[in-house]
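A short worksheet on the structure shown next.
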Amino acid sequence: MTHASICFCSCHKTQESLLSSASGYNNYRGILNWCVVMLVLNNARLFLENLLRYGVLVDPIQVISLFLHDPYSWPAACLLIVSNVFILVALYTERQLSKGSFSEPVGFLVHCINMAIMLTFPAAVVLLVPSMTPVGGAFVLGIYTILFLKLYSYKDVNMWCRELSTVKAKKLARSLSYMYYFVFAPTLCYELNFPRSPKIRTSFLLRRLFEMLFFIQLLVGLTQQWMIPIIQSSMKPLEDMDLSRMTERLLRLAVSKNPTLTVKLLEPFTKLVCLHACCELMTIFADSSFRNSETVTYFWQNWNIPVHKWCLRHFYKPLLRRGFSKMVSQSAVFFLSAFFHEYLVSVPLRMFRLWAFTGMMAQLPLAWFVGRFLRGNYGNAAVWISLIIGQPFAVLMYVHDYYVLHFRQEAD
């Protein structure tokens, strides 16, 4: 047999496996298509299984009832109207400081009293008014928390301007219209001149509004249809302290149901992209940025850019300038965040269990461990694991405690 015939019959050659990085092969479109098809089929199966077991549970009207317990008493709406008082007090105080009618200590005291009442007054109303629902309470406390952070920034920036130049500070515009522009702008940090777009893009705004309304309804439907039945079925194992069943329910709520994962992915998109974009477009605000994360610290710094900028500018850096170490300053930021997380959960539920506070403070040792031992994809995986497991655990704990405190006592 000649050499040519041997070469013609040969069908093998030396080459690396296609699954090896050394092969240089990177076209995995077929595997990706297979994963997408399997994901769609699996979700379709879960959808049919859920409908056969529970029927249709989606009820948009029920969501409205969560805000309005008594149709003739709207305490959440009244609190939103009252919030204008705190805005006007802050504006009046800064005007008096600019004219020299208030000294710096007096202005600082007025601001502190104003912001202290801003946190305690709505909390007292939520706790004491029976017609205030948990959802309505959480919503109005969220608005007051945002307003608190905004007015704190407003106070700081005006104080910094007075320290730099007394003459320039007296000429600063403190108009009512600019103050309310800052209140509605999608930022927590006050500036003398905000970056603005040339005009309102009406078509893009309408599209974002439609996306926001659609995704909010989708989130509500997925929560009612999938997550609530899982949480309800978890009450019995929690009451019996059945560790194996509790673990199974936790993992089921966290990862086993694809719609649950969809809710977790859609929630930040709806809040931080659609809602944020709508505020930007309506106020022609021209600053927006979102990032991915590879460490726990980087995630908490960048998953919510407006909050990160506020913490960095008005809390973290001032602590560093006062001589505190980076570790102490970072711990203080986490403590502040933990406080507001607990404030926004425990007060509307009218119970104090510190699950949200503990979960946030637990991020400190986790951030140290990930930053020291895990990098790149491993760090990113650690971030996802902490979010996927941590949040459902906190939800189950609060739901269980709320059920025991209210519904089981009523049954007894």
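Here the Cβ of each residue, glycine as well, is placed from N, Cα and C on the backbone.
Sequence annotations record features per position, and here TrEMBL assigns transmembrane segment to 27-44 (among others).
Marked as transmembrane segment by TrEMBL: 74-93 (among others). Tertiary proximity for the transmembrane segment (74-93) is limited to same-chain residues at least six positions away from its ends with a CB under 8 Å from its CB atoms, namely 67-68, 102, 107, 110-111, 114-115, 117-118, 121-122, 125-126, 129, 131-132, 136-137, 139-140, 143-144, 147, 151, 154-155, 174, 176, 179-180, 183.
The transmembrane segment annotation in TrEMBL covers 105-129 (among others).
The transmembrane segment annotation in TrEMBL covers 135-154 (among others).
Per TrEMBL, the feature transmembrane segment maps to 175-193 (among others).
Taken from TrEMBL, the feature transmembrane segment covers 213-231 (among others).
If you look up TrEMBL, you'll see 323-340 (among others) marked as transmembrane segment. For the transmembrane segment (323-340), same-chain residues at least 6 beyond its ends with a Cβ under 8 Å from one of its own Cβ atoms are 145, 297, 300, 307, 311, 315-316, 356-361, 363-364.
Per TrEMBL, active site is recorded for H341.
The transmembrane segment annotation in TrEMBL covers 352-374 (among others). Long-range contacts of the transmembrane segment (352-374) within its own chain (CB-CB distance under 8 A, at least 6 residues past either end) are made by residues 295-297, 300, 330-331, 334-335, 337-339, 341-342, 344-346, 381-383, 386, 390, 393-394, 397-398, 401.
The transmembrane segment annotation in TrEMBL covers 381-399 (among others).
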